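Undergrad: What follows is a structure written as structure tokens; I'll ask about it next.
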Amino acid sequence: MPPSISAFQAAYIGIEVLIALVSVPGNVLVIWAVKVNQALRDATFCFIVSLAVADVAVGALVIPLAILINIGPQTYFHTCLMVACPVLILTQSSILALLAIAVDRYLRVKIPLRYKTVVTPRRAVVAIVGCWILSFVVGLTPMFGWNNLSAVERAWVANGSVGEPVIKCQFEKVISMEYMVYFNFFVWVLPPLLLMVFIYLEVFYLIRKQLNRKVSASSGDPQKYYGKELKIAKSLALILFLFALSWLPLHILNCVTLFCPSCHKPRLLMYIAIFLTHGNSAMNPIVYAFRIQKFRVTFLKIWNDHFRCQPAPPIDEDPPEERPDD
């Protein structure tokens, strides 16, 4: 008999479905925009596509699996473990994509003249593939043995049962909190986030340094270049800020679970933390639309061409300078 669903769970499922319905189309639109607009084909936007792919997978795969875990079906231990691991893979992929974007923006302002020879399309693809391989290694580590199987087996045998344990599938039941805190958070989440903060501070410092120089009348292009870089860097730093804001609460709660097992964690607080992590996948397309003009123009063209049946004028490959409030 399938488990009954409470009103609280029904509300949770409804919110998760709403997040998925925003996340998947929004991030598909991001990928579509990069495909149709040649001006969105540089390395930064390739990394943004990698980030969007991870966010599509969150909406299409992780959220349905999270709903399944919330219902709490009875499954074999390793089946539940396989259900829990995709979110770890995709979170790590998002972090590494954000780090790649930060490094790319740093190189654009640090070595602008040599940037195109250093950051080639081939190297960008290699970096993206490397990020995804590393994400699978980190995210699938619980499958290789760092999990709660020993504790579950002891309880299973103590009850006189034999064979592979059958459990009520829950994330904390199968994923070790030592893995989540010591390995996932302290090694693969927190250090990259701190490194990205440092990189963006350096990017803003270099850009401000260039913009504050007394330039001659013939030096308009460098000023324009660094002005554009400043606007894009602000938008991408906002993406990083939203990611940290969305994911840190859940990791802090994991630390509380590990270091203070007797501490009470309000159920509502856990749900809010989970909504933040999943909701982050829906935030990025909104930021792109409001903050990056190339995306905004391309989104409107796609909407007019394919949904309103009113073809828009061709996309300007080099749109005019954005207004300060963009």
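Cβ from N, Cα, C; glycine included.
This is the feature table in TrEMBL:
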{"type": "DOMAIN", "residues": "26-288", "note": "domain 'G-protein coupled receptors family 1 profile'"}
{"type": "TRANSMEM", "residues": "12-33", "note": "transmembrane segment"}
{"type": "TRANSMEM", "residues": "45-69", "note": "transmembrane segment"}
{"type": "TRANSMEM", "residues": "75-103", "note": "transmembrane segment"}
{"type": "TRANSMEM", "residues": "124-146", "note": "transmembrane segment"}
{"type": "TRANSMEM", "residues": "185-207", "note": "transmembrane segment"}
{"type": "TRANSMEM", "residues": "232-248", "note": "transmembrane segment"}
{"type": "TRANSMEM", "residues": "268-290", "note": "transmembrane segment"}
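Describe the structural context of each listed feature in the structure shown, including burial, neighbouring residues and relevant distances.
TA: Packing against the transmembrane segment (12-33) from elsewhere in the chain are residues 5, 40, 48-49, 52-53, 55-56, 58-60, 63-64, 66-67, 70, 271, 275, 278-279, 281-282, 284-286, 288, 295, 298-299, 302: each is 6 or more residues past its ends and has a CB under 8 Å from a CB in it.
Counting residues 6+ beyond its ends, the transmembrane segment (232-248) has Cβ neighbours under 8 Å at 44, 91, 94-95, 98, 101-102, 105, 109, 189, 193, 196-197, 200, 203-204, 207, 276-277, 279-280, 283-284, 287-288, 291-292 in the same chain.
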Undergrad: Quick one: do the transmembrane segment (185-207) and the transmembrane segment (45-69) have at least 3 Cβ pairs under 8 Å, skipping pairs fewer than 6 apart in sequence?
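TA: Answer no, regions not in contact.
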Undergrad: Using Cβ atoms and a strict cutoff of less than 8 Å, what residues sit near the transmembrane segment (124-146) while being 6 or more residues removed from its termini?
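TA: Hits for the transmembrane segment (124-146): 43, 46-47, 50, 78, 81-82, 84-93, 96-97, 100, 104, 174-176, 178-179, 183-184, 188.
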Undergrad: Six or more residues out from either end of the transmembrane segment (45-69), which same-chain residues have a Cβ under 8 Å from its Cβ atoms?
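TA: Here the qualifying positions are 12-13, 16-17, 19-24, 26-28, 30-31, 34, 80, 83-84, 86-87, 90, 93-94, 97-98, 100-101, 104, 121, 124-125, 127-128, 131-132, 169-171, 274, 278, 280-282, 284-285, 288.
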Undergrad: Would you mind listing the long-range same-chain contacts of the transmembrane segment (75-103), meaning Cβ under 8 Å and 6+ residues beyond its ends?
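TA: Contacts with the transmembrane segment (75-103): 44, 47-48, 50-51, 54-55, 57-58, 61-62, 65-66, 68-69, 127-128, 131-132, 134-136, 138-140, 142-143, 147, 149, 152, 164-167, 169-171, 173-175, 184, 188-189, 192-193, 195-196, 199-200, 203, 236, 239-240, 243, 247, 277.
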Undergrad: Tell me, roughly as an integer, the mean pLDDT over the domain 'G-protein coupled receptors family 1 profile' (26-288).
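TA: Mean model confidence (pLDDT) across the domain 'G-protein coupled receptors family 1 profile' (26-288) is 92.
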